[in-house]
Amino acid sequence: MSVAVQGATGKGSRERESRPGLVERVKRSYAKHWYAYAMIAPVVLVLGVLVLYPLVEGIWLTLTNANSLNSARTIGVNHIPASYKFVGFDNYADILWGPGSYDRFWSHFVWTIAWTVICVVLHYTLGLGLALLLNKKLRGRAVYRMVLILPWAVPTFVTVFSWRLMLSDGGAVNGLLSFLHLPEPGWLTDPWAQKAAAILVNTWVGVPFMMISLLGGLQSIPAELYEAAEMDGATPWQRFRYVTLPGLRTVSSTVVLLGVIWTFNQFGVIFLLFGTGAPDAQILVTWAYKLGFGQQPRDYAQSAAYGVILLSILIVFTAFYRRWLARNEQANG
Amino acid sequence: MSTTTERPAAAAAVAPAARPAKVRPRGESGPLAKALSHGALILASLIALFPVVWILYISLGPDKTDYLHPGGILGKITLANYQHVLSDTGFFTWFGNAFLVSGITTVFGVMLAATTGYAVSRMKFPGHKPLMWSLLVTQMFPIAVLIVPMYTMLSELGLLDSYTGLILVYSTTTVPYCGWLLKGYFDTIPVEIDEAGRVDGLSPFGTFWRLVLPLARPGLAVAAFYSFLTYWAEVPFASTFMLSSDKYTLAVGLQTFVSEHDSQWNLMAATAVLIAIPSAAFFYLVQRHLVTGLTAGASKS
């Protein structure tokens, strides 16, 4: 039906003038793509109203000194209008090089980067290792797969809570360590042990997603490639290096990108493990939440400014990552 | 690809001599490798299983400090915690709230995402690239940049402490991700199917609804699983936006067992187990689609 409409408009306008004007081009484009726009309209609407608007509002907040004492609020029947004012880039300056900025921002920044790198490397290598094992012809493969996805099937909230019980002083983990005559760190109290605990739990939570994604990728590599490689006498390592890894490239690039984004913004694990305490183990996201909602008075402006900084870091990273991928793609043909 | 044909030529001269007995069918490994694989998988399975089993075990101990002396639980296993949670707390209210919110978010999110995923996968329209890009960028929004303006926005609209507000907030993250996921899945469905449908006189919507959507069921299942699971026990948004105890979702209600003075870990453990049951059940329903649904698209896009 729409094909006929589309043809008619195209033909009619071409007869009238050789080079269509802007209005005409918009009209024609509309006729050709209206169903595409109709299909994306709901999402564009949702993103525009629920994401873009708060984002713009949030960026505006970072240029003010808004906190819970001077924002609009209602106490009983009295409505108090907002009284915060525009302060320009003061928030950013204060965060990045104000007094105590090392303890407030840079220490968390360094830890967030370390956290992201360590977690994603662990997720990827463990996930790939398990996916390779599951891709073999082994007895009980289906059962292993079911059990190994389990951490994913249980809500993070529940498993992190379980880990908290296990990691507490005198909990199951230290029980095991004392049985083995190993030192028993205070997982939830000692700064370094807190970081180790956070990485441990997040690795446990994140591996199943990587494993399943990579398993899907492995299964999509044609068996003929392995046969050919084997015919040519490739060793297992060579088959892995020259058949498996290139075959996984597209899946890997997607899951690594998502892994970095999710881990960088991983709120749940750290928040649920330590709450808003444990200042050393807070990554930037949880720290920003603490500023905005975990203290009195709530510092909305600084919290949002952290958010904008975080978002910028991720966007810059993604842009570079994609360019790097594209270059690799070209180099490898 | 090109390297595979060049490299092994050098190795071929050495390799066959070193391993003469190569009669095993492809994909099968030797007994030692097999044992090692099983060993590694069993170890990994134990690690994956242990925390889940552990919380189940702890939930059977009646005292709130039982998790510190797990050995003691064996002698006094009881379902008292469950009985208390089910009959004396707001469990069913919270359960209903969580189910309502995550259920509607899932349906709403997957429906919206499906049409977008399809449009982005099949049609090259102006604005196609920016849309894909914005779906990805939305993934990056840290909770901190949105939560404050969303809080003020919802409070101005009077949607604070309401189901609608929470569903809207959840949709901001679920819709873009599901759209992304489904785009990848639609990419794997041959375009010829659409073309056949068009030749038979179906409109683009008809093709989508009658032909493509039924074929995309595994992808839809994964997207639904993802969003249900994410919001079923979501904490930060729910605990910030839901203020009155009859509106709490499960994960927020649970926090009431732990105050500064008194932490009823045993009750929390029992509730945590109860929370995990529906998601595990849902997971069981979709698990055979997971592998294909998740990456069928990513591996070809």
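Heads up, the Cβ atoms here are built off N, Cα and C, so glycines get one too.
Copied over from TrEMBL:
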DOMAIN    A:109-321  domain 'ABC transmembrane type-1'
REGION    A:1-20  region 'Disordered'
TRANSMEM  A:34-56  transmembrane segment
TRANSMEM  A:109-134  transmembrane segment
TRANSMEM  A:146-166  transmembrane segment
TRANSMEM  A:196-218  transmembrane segment
TRANSMEM  A:300-321  transmembrane segment
Contact call for the transmembrane segment (A:196-218) and the transmembrane segment (A:109-134): at least 3 Cβ pairs under 8 Å, seq gap 6+: yes
For the transmembrane segment (A:146-166), distant same-chain residues with Cβ under 8 A (at least six beyond the ends): 130, 134, 172-173, 188, 197, 200-201, 204-205, 207-209, 211-212, 268-269, 272-273
Same-chain residue ranges lying at least 6 outside the transmembrane segment (A:300-321) that approach it to Cβ under 8 Å: 58-59, 61-68, 71, 84, 87, 91-92, 94-96, 105, 257, 260-261, 264-265, 284-285, 287-289, 291-293
